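Asks: Supplied in structure tokens, the structure appears directly below.
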Amino acid sequence: MDIISLKAYAKINLALDVIGKRPNGYHDVRMIMQTIKLYDKITIKPTTNPDITIKTNLHFLPTNENNIVYTACKLFKDTFQISDGFYINLEKRIPVAAGMAGGSSDAAATLFGLNELFQTNQSLEDLMKLGVKLGADVPYCLLRGTALSEGIGEVLTPLPPAPNCYCLIVKPPVSVSTKFVYENLKLDENTKHPNIDGMVEAIEKQDLHQMSSLVSNVLESVTIKHHPEIERIKMDLLSHGALNALMSGSGPTVFALFDNQKAAERAFYEYKVGPYGKQTFLTRFFESKNV
């Protein structure tokens, strides 16, 4: 095998809670993570030249060490003492800086692909331990599916597949700094924390309506204050028949869950021809863990 193509799937947070802050600045979280069928495509080809070369369809993306795919390649080369270089084509579809772990998923797929290409025989657990060096979301992006995420995001408990539904993704054209959101999050006795345990129970019972009623994200209190259009999108999606709508991660992406295909498609078509059309997607949950 001298070339490999992989799909790097996006994630949403069905629930996101922040428990507290560590002395080192990291935050302890409890999250329900869900992979969706929106993906980037990554093609990797080893080269005799030792350099790492990345080509992408987005002109503004860095193709050097500031790209997490490059960093993943460098980590893999150094860990397994590989002299070959890599040519990588990265076709982005997941919105960038959107709270959907697009970069982390690209890094995860890269590690998985290199493990296959060079037959380094690393288990999923081995790759996850390697991946956490790149970012807290990378281990989950290797695991995929439905999972409870704790610690700083690296402690993962796989859950049964969440009840499937139609998932409409809308990303408004604003930029959100994850660092800014966490730094400005105020946790006190008035903080409304998600019912994570209740959502786990709803998922285990395959109760879509109960699960949808419990979607919640403490980071909304920061991001929506600075970008009120997120709240407007949520309310509008509810008026289109969504069971619920929520900001994913630190934002600004909003997802809406539908149990009715026609309602989901109607909302999708309306948004597709509107100002958010380029960053609007209708998808479903992803269950399989195969790349």
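Cβ atoms are placed via backbone N, Cα and C, with glycine included.
Quick paste of what Swiss-Prot says about this protein:
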ACT_SITE  Lys11  active site
BINDING   Pro95, Val96, Ala97, Ala98, Gly99, Met100, Ala101, Gly102, Gly103, Ser104, Ser105  ATP binding site
ACT_SITE  Asp137  active site
Asks: So which binding-site residues out of Ala97, Gly99, Gly103 end up within 10 angstroms of Lys11 (active site), measuring C-alpha to C-alpha?
Replies: Gly99
Asks: Using C-alpha atoms only, work out the spacing between Ala97 (ATP binding site) and Asp137 (active site) and round it to an integer in Å.
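Replies: Checking the Cα atoms of Ala97 (ATP binding site) and Asp137 (active site) gives a distance of 13 Å.
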Asks: Show, in sequence order, which residues other than Pro95, Val96, Ala97, Ala98, Gly99, Met100, Ala101, Gly102, Gly103, Ser104, Ser105 on the same chain lie with their Cβ within 8 Å of the centre of the Cβ atoms of the ATP site.
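Replies: Going along the sequence, the neighbours appear as Ala10, Ile94, Gly249.
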Asks: Provide the number of Cβ atoms within 10 Å of the Cβ of Lys11 (active site), excluding the reference atom itself.
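Replies: Looking across every protein chain shown, the total is 28.
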Asks: Tell me whether Gly99 (ATP binding site) sits in a helix, a strand or coil according to DSSP.
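Replies: Reduced to three states, the DSSP call for Gly99 (ATP binding site) is coil.
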Asks: How many Å separate the Cα atoms of Pro95 (ATP binding site) and Asp137 (active site)?
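Replies: Between the Cα atoms of Pro95 (ATP binding site) and Asp137 (active site), the distance comes to 16 Å.
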Asks: Determine the Cβ neighbour count for Gly99 (ATP binding site): the number of other Cβ atoms within 10 Å of its Cβ.
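Replies: Looking across every protein chain shown, the total is 27.
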Asks: In sequence order, what residues of the same chain, 6+ apart, have a Cβ less than 8 Å from the Cβ of Ala101 (ATP binding site)?
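Replies: In sequence order, Ala10, Lys11, Asp137, Tyr140, Cys141, Gly249 meet the Cβ cut-off.
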Asks: So, three-state DSSP: helix, strand or coil for Asp137 (active site)?
Replies: coil
Asks: Please list, in sequence order, the residues in the chain of Gly103 (ATP binding site) that are at least six apart in sequence and whose C-beta is under 8 Å away from its C-beta.
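Replies: Non-local contacts for Gly103 (ATP binding site): Ile68, Val69, Val96, Gly135.
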Asks: So which one is it: of the recorded positions Pro95, Ala97, Ser105, Asp137, which has the fewest other Cβ atoms within 10 Å?
Replies: Ala97
